[in-house]
């Protein structure tokens, strides 16, 4: 069995080793390029997963805690963190299974990035491919929209001379520059910096909230309504559903079969950021968060907060690239440009992908509520239900299980245990995440539309302070005249 696993490893990583040997650094410029630009190690994958998993949701989790209450907020983070790690593991298993089968057939992936819908197509057929493609692309599209909305929401707390819609126009143009990043292989320095930025922001939120103390008359009434409860829960479902780009991250690795537990370790680190920050902000501000989905809105303006805002802006640019790059790949494959060697030509043809993202961010600028809606309607299927079902159907026959590249862990009960966990995830996420979560998040989302309207110029902005009119001077009237 060990010899078989080594043979599989050789097959899976063959092209990567070959590519790396061809690209050995020959001068200082190449060495620097490899150090900052060309990443494919286990550490690069960990940084990518951890950095991509917690972005603007760091700022909306206190809002979710105000909807859920402290205890439920903590428990849902732990629960969905485990569920997300398991389904990311399933995706990695299916990727290795697909790639091994294809490379045994002498298929060359030298200039081709494997994506999730192709894994589904190769293992289960075109109907699975179509469903996976539809959910994945729609989720990543709205994931990019959310990052753009978050950019406008955050910068407003530094400079409110422009409204949030105008800031969306500006950051849409900035984020369009991600068309020049070829693939996840080239996110090495960005992933590292992104995690540093979210780490600073998380601990700023924690320390600033503790130092600020509780506001006068603070109330912690959550959970008060079922609608709010399930809305908050689906935002956490969304938080730990960032593995829609797992396949692309794996494909950028030199040894993708080593990915299996990376997402779990990334999740454990992310929990050290999300639990203290969300708990501290909710402790300090309580029910005030119900009307302030961005935690920055309640913290006092100072140098530390402004620095955190700037770091989050940069990080959201990085996360926009993470969410949008798979969409670039799909578009390139659709128009036949994916294997083009010219990065300038590929960048040019990628630009149309950014336009609908820009437009949707202007239509639905509801920072916070949109997370829950995307979580319940898209994330629930994209990264929880479909991977769990795909794993069951791929290995439903005894022959497939016997010849599987990767066997499920023994401590979980091998195939019986794996299939039991998968069945639980499908039922739970469909009923609680998609069912109750979809009902609650849509009610909340429609409420935002009714309250603020589509294309709203400045979502949740404080009303402008009206200058008091100058006193009206009346001319003196001689009331004795005519008497």
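Note: Cβ is positioned from N, Cα and C throughout, glycine not excepted.
Taken from TrEMBL, the feature domain 'Amino acid transporter transmembrane' applies to 38-429.
If you look up TrEMBL, you'll see 74-96 (among others) marked as transmembrane segment.
Within the chain, the transmembrane segment (133-155) has long-range Cβ neighbours (under 8 A, six or more residues past its boundaries) at 55-56, 59, 115-117, 164-165, 167-168, 171-172, 174-175, 244-245, 294, 296, 309, 312-313, 316-317, 319-320, 323-324, 326-327, 330, 356-358, 360-361, 364-367, 370-371, 374, 378-379, 381-383, 386, 459. Residues or ranges marked as transmembrane segment in TrEMBL: 133-155 (among others).
Positions annotated as transmembrane segment by TrEMBL: 167-185 (among others). The list of residues near the transmembrane segment (167-185) in space but at least 6 beyond its ends in sequence, with Cβ under 8 angstroms from a Cβ of it, reads 38-40, 48, 113, 144, 147-149, 151-152, 155-156, 245, 248-249, 251-252, 313, 317, 320-322, 324-325, 328-329, 343, 346-348, 350-351, 353-354, 357-358, 361-362, 365.
TrEMBL lists 192-215 (among others) with the feature transmembrane segment. Sequence-distant contacts of the transmembrane segment (192-215), counting only residues of its own chain at least 6 positions beyond either end whose CB sits under 8 Å from a CB of the stretch, comprise 47, 50-52, 54-55, 58-59, 62, 273-274, 276-277, 280-281, 283-286, 288, 295, 299-300, 304-305, 307-308, 311-312, 314-315, 318-319.
Here the transmembrane segment (227-250) has Cβ contacts under 8 Å with residues 45, 48-49, 52-54, 57, 60-61, 63-68, 72-73, 76-77, 80-81, 83-84, 87-88, 91-92, 95, 113-116, 119, 136, 139-140, 143, 183-184, 256, 259, 263, 267, 270, 274, 290, 322-323, 325-326, 329, 368-369, 371-376, 379-380, 382-384, 429, 432-433, 436-441, 443-444 of the same chain, all six or more residues outside its ends. As annotated by TrEMBL, transmembrane segment applies to 227-250 (among others).
The annotation transmembrane segment is assigned in TrEMBL to 262-285 (among others).
TrEMBL lists 307-331 (among others) with the feature transmembrane segment.
Residues or ranges marked as transmembrane segment by TrEMBL: 351-368 (among others). Sequence-distant contacts of the transmembrane segment (351-368) (same chain, at least 6 residues past either end, Cβ-Cβ under 8 Å): 56, 60, 63, 141-142, 144-146, 148-150, 152-153, 164-165, 168-169, 172, 175-176, 179, 235, 293-294, 324, 327-328, 331, 445, 448-449, 452, 454-456, 459-460.
Among the features that TrEMBL reports, transmembrane segment is placed at 374-394 (among others).
Same-chain neighbours of the transmembrane segment (415-439): 83, 86-87, 90, 226-227, 230-231, 233-234, 237, 372, 375-377, 379-381, 384-385, 388-389, 391-392, 395, 401, 407-409, counting only residues six or more beyond its ends whose CB sits under 8 Å from a CB of the stretch. What TrEMBL records for 415-439 (among others) is transmembrane segment.
Against the transmembrane segment (262-285), stretch 74-96 shows more Cβ pairs under 8 Å than any other of 74-96, 307-331, 374-394. Sequence-distant contacts of the transmembrane segment (374-394) (same chain, six or more residues past either end, CB-CB distance under 8 Å): 83-84, 87-88, 90-91, 93-94, 97, 120, 123-124, 128, 131-132, 135-136, 138-139, 142-143, 146, 234-239, 241-244, 400, 418-419, 421-423, 425-426, 429-430, 433-434, 437-438, 440-442.
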